[in-house]
Structure formats: structure tokens, C-alpha cells
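TrEMBL annotations:
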- GLY8, ARG11, ARG91, ARG137, ARG140: ATP binding site (BINDING)
- GLY8, ARG11, ARG91, ARG137, ARG140: CTP binding site (BINDING)
- ASP21, ASP23: Mg(2+) binding site (BINDING)
- 3-122: domain 'Poly A polymerase head' (DOMAIN)
- 149-210: domain 'tRNA nucleotidyltransferase/poly(A) polymerase RNA and SrmB- binding' (DOMAIN)
Amino acid sequence: MQTYLVGGAVRDELLGLDVKDRDWVVVGATPKEMLDRGFKQVGADFPVFLHPETREEYALARTERKHGHGYHGFSVYSAPDVTLEEDLIRRDLTINAMARDEQGELVDPFHGQRDLVNRKLRHVSEAFTEDPLRILRTARFAARFQPMGFEVCEETMALMRAMVADGEVDHLVPERVWQEIQRALHEREPGTFFEVLRDCKALDVLAPELVPESPFSAALAALRCIHRQQGSTEERLAALMSPLPEDACNARTKALKAPNDCQNLARLTVVFIPAMKSLASNQLTGESLLALLDAADLWRRPERFSALIRVLPCSLPETDRTAVTLLERAASAASGVSPKTLMEHGFKGKALGEAIHAERLKRINRALSQTPS
Ligand code: ATP
Ligand code: MG
């Protein structure tokens, strides 16, 4: 049997990047031989094993054939006679389809190294069309490597367009889509992910409300801004969704099955954007600020409020950003109120609620009067 290092590790090493995890392919072995050598089998469907010491993944060389749509349509064939080349041809991009043998020689039947030098993301073969997830992966690698000059080559873009037109993207399950989006949001140029998806029309299926130029460019600008601040996943998704109307935002984050914290921050952000705009243009009162703090439930969700305060400036025009500063100042003034102290002073029930409100308002008004205008 022969063992090869494959995929991302080979690619990243050639690019001079840190190699995070290493994947291996084993040619000429049976599952029994692997188990006899102390490997542990993981996953019932695929012949993939964990090394007894390094815990790295060793997969038996395999081929895949597709019968229907989506994930259930794959049948996997693995046997000692499957060659390395047969295994590599089912991979997504040429730069991900290189291997290194035990002597350290590069095995590169699909010219991944050439594409690496020319900065091209290119599909390995027509088998690319068998898995629509590859569209998302390609967009994600574009987002990761765009700063190094990579782009999706025209032939691959054409293939992806054809897949979208054939309805392939309709079969992706939300969990897989969200997983890719979540990763893409943290790549080096997250906006590129959405640009690629828009170019191949996958975005018309995955988030059609973002497609028109005006929300699209606003979404990408907000995303770029929160990315510069190293925002969390929640903050990044909220920035991306921030140009949308509330209903569309809620429906989309739900359909994507984004985690609840992501859905909630996105919802709060789109509710607060018009509120910030009217704060900026109307006579500002302590009452209106306190109402917003109540709406954000600052009292029980201080961390979510901080996240909101980080996203809003990214999602608002320059002129409306002062309202966020005021909101933040009101929040820090009002959070000093201690319900416990008021209780010790004998307040309870409805009177306690009113006393808390009054004290918060007093402190906000005091802070506002000290605000240089
Ligand atoms: P990363 O740095 O994100 O780990 P990677 O290239 O190692 O990038 P993995 O998701 O770890 O990506 O997958 C390992 C390898 O398996 C890839 O390099 C690619 O060759 C192959 N691969 C993974 N998912 C797919 C897929 N859906 N279709 C085709 N090939 C895939
Ligand atoms: Mg990997």
C-alpha cells in the first residue's frame, strides 16, 4: 500500500502558508488491513480512518458515482485497485487535487501547480457538476485567496452557471449552505464569496433579496467594515443582512437555519437602522433612547447589545453614526442603575419597575446634558 498527503495540505505548503490539518489517501489497502494496523474507522459511509497516534485522517482511495440529486445520490466505490488519479479526479479544484508521495514527490495529474502559479481556481473535471456544494467551496476559496490574486477561471464559472441553471443549487440542504457561509464570513475577503455566488447566479437561489445592486453593494460595504474589526459570526451576518427590510432579513436568516444568536442580532440590527436614522434627524429625548435600550433588552442581553453597537456604525451612513454614539452613552449611563439597591429601599412589584425606569431616565438625561453638542 502507498500513502499520499493530499488536498489542502499540499496546496498550502506550495503557497508557503501554514498547514493546519493534513489529510491522507491510502492506495492498495483494504479496510481490514487498516484496522489491523491500529487505525480506527470513522464514518459508516466512507472508508475513512484515524491514525492511532496522530489522529489524522486516512481515506482509502475511492471513486464516486452519482445517481440522483443532492447528497443521497452518491455511491462510493473503494477497493485496493482504485488508483490515486481516480481518487484525485473527483475532487473540486485542481489546486486541491495534488498529492505528495512518501518520497516527497509531487503527484499532479490535473496541473494544480500550474493553476497555483497562474492564480486560477479551476474545476478538476466535469464530475464537478455532481456536487453543488463545490460551487460554495469554490466561492469560499475565492474569498480566501483573492488577496493573493486568485480568481475563478472562466470555464469553471461557466460550469457553475450551468449547474445553477439546471437547478442543482436548489438541492443543497440549509445546514450545508450555512456551514459554508459561516466559514466564508471569516475568510480573508468575505465579500468575494458573495460576488462569485452572484456572478454564477447561485445567489438568486440562496439569497435573492441580496442580488440587486443597491442592497448588494451596501451589504458588502458593511461586511468589509465589520471584517476589519474582526467581528464575530453573528456581527458579520448582521452586517451582511443590514440593508434588507425586516421581513426579508428574518425570513432569510431563518431559511438559512442560522443559529438563533445570529438570527436575533440580524433582526435587531435591521430594526435599529431606521430607529438610528430617525434619532439622528429628530429631536432627541431621554425617553426615546431609553425606549430603544428597552427594545434591545440591554438589561438582560448586554453582550448582544455590545454586538449591536459594533454592527450599527458599519451599516449606517456616516451622517447617522452619531446616533449610535448617543445610544451607547445612554446605555452606559442607564446600566448603572441597580434594581437590587432599589429593592433594598423597599420598592417592589410595579413600583419597582417604575422606579427603575425613572432612575434610568434620570441618568440618561444627565448624561445627555453633559454631552457636548
Ligand atoms: P481547508 O484549508 O479549508 O481545510 P481543504 O482543501 O483542506 O481546505 P477540506 O474541506 O479539508 O478542504 O477537504 C480536503 C480535500 O478534500 C480538499 O482539498 C478537496 O480535495 C477534497 N474535497 C472536500 N470536499 C469536497 C467536495 N465537496 N467535492 C470535491 N472535493 C472535495
Ligand atoms: Mg482541510
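Each Cβ is built from the backbone N, Cα and C atoms, and glycine gets one as well.
All features noted in TrEMBL, drawn onto the structure.
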residue	record	contacts (Cβ under 8 Å, 6+ apart)
GLY8	ATP binding site	VAL19, LYS20, ASP21, ASP23, ASN96
ARG11	ATP binding site	ILE95, ASN96, MET98, GLY112, LEU116
ARG91	ATP binding site	GLY7, ALA97, VAL124
ARG137	ATP binding site	ASP92, LEU93, GLU180
ARG140	ATP binding site	GLU180, ARG183, ALA184, GLU187, PHE193
### Task
Output: those binding-site residues from ASP23, ARG91, ARG140 whose CB lies less than 6 Å from an atom of ligand 1, in sequence order; none if no residue fits.
ASP23, ARG91
### Query
How do the residues of the domain 'tRNA nucleotidyltransferase/poly(A) polymerase RNA and SrmB- binding' (149-210) split into helix, strand and coil according to DSSP?
45 helix, 2 strand, 15 coil
### Query
Got a sec? Which of GLY8, ARG91, ARG137, ARG140, the binding-site residues, have CB under 6 Å of any ligand 2 atom?
GLY8
### Site of maximum Cβ density within 10 Å, from binding-site residues ASP21, ASP23
ASP23
### Message
So the record assigns GLY8, ARG11, ARG91, ARG137, ARG140 to CTP. If I measure every Cα pair among those residues, what is the longest distance in angstrom, as a whole number?
### Response
15
### Message
Centre the Cβ atoms of GLY8, ARG11, ARG91, ARG137, ARG140, go out 8 Å, and tell me which other residues of that chain have a Cβ in range of the CTP site.
### Response
GLY7, ASP92, LEU93, ILE95, ASN96, PHE141
### Query
In the predicted model, what is the mean pLDDT computed over the domain 'tRNA nucleotidyltransferase/poly(A) polymerase RNA and SrmB- binding' (149-210)?
97
